[in-house]
Amino acid sequence: MSLKAISAKDAASLDKDLMEMGGWSLDQLMELAGLSVSQAGMWSIYRLHPPSAGKNVLVVCGPGNNGGDGLVAARHLAQYGYTPSVYYPKEGKNELYQRLKTQLHNLSVPFVPDFTEALKSADFLVDAIFGFSFGGPLREPFPSIISQIESSSVPVLSVDAPSSWDIQSGPPKEGPGSKFMPKALISLTAPKPCVKYYRGRHFVGGRFLTKSIVEKYGLNCPDYPGIDQIVEVGVDAEGRL
């Protein structure tokens, strides 16, 4: 099944429609997104890498909603039996993010101050730094962080787009992120155009869209198995979903 990719502008408009006309709150959308991220992490690592084989998941969060999705995912991963830690160098100012932090503190999920040291002990990494609204350029500390992720052998799950990638044109031609190819990618709601440059395990999470939203944006949602919130869709050698 071929899936339609949506632009950053349409993705932002879709989120606005969900909240203004659909009755959804930002909290709800972030919870569903974070749940999808955690399930993609489970699919990517649990069947081949259960908690008994290595529990340490490093969740790297940016200052926006993509980072909030990462905070939610970290909570779910803790409940699944993993040992997540969070690197959150530039915290978002929205009060929602502070509540998510409190939830993690109550589960004794640590917020680590040193990314380089945390990466050394990570078995898996969730890249929740930048999402569909990223427009560049990268600002510190993120160029250094992305360079370290890029050169590490730790498997990575990126949220909505590999951080540093342009949503339309994919990886930068040079500098941090130019060779960044995470092991897995979870597209939230619908794939973004940059996915045609991606090679790896590709998941979609958006099992909450109404018929009216699907029709308005011309989406063709995949069939989700059972009660799963995500589905693996892949990308072929020609960049087609």
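Keep in mind that glycine also has a Cβ here, set from the backbone N, Cα and C atoms.
Residues Asn66, Asp127 are given by Swiss-Prot as K(+) binders; from Ser36, Ser163, Ser164, that same site also lists Ser163. Of the residues Asp114, Asp123, Asp160, Swiss-Prot places Asp160 in the same (6S)-NADPHX site as Asn65, Asn66, Gly67, Gly68, Asp69, Gly131, Phe132, Ser133, Phe134, Gly135, Gly136, Pro137. In the three-state DSSP classification, Asn66 (K(+) binding site) falls within a helix. Each residue in the domain 'YjeF N-terminal' (11-221) has a pLDDT score, and their mean in this model is 92. Looking at Phe132, Phe134, the binding-site residues in this record, the fewest other C-beta atoms within 10 angstroms of the C-beta turn up around Phe134. On a Cα basis, Asn66 (K(+) binding site) lies 8 Å away from Asp160 ((6S)-NADPHX binding site). For Asp69 ((6S)-NADPHX binding site), the same-chain residues 6+ apart in sequence whose C-beta sits under 8 angstroms from its C-beta are Met30, Ala33, Gly34, Val37, Ala128, Gly131, Val159, Asp160, Leu188.
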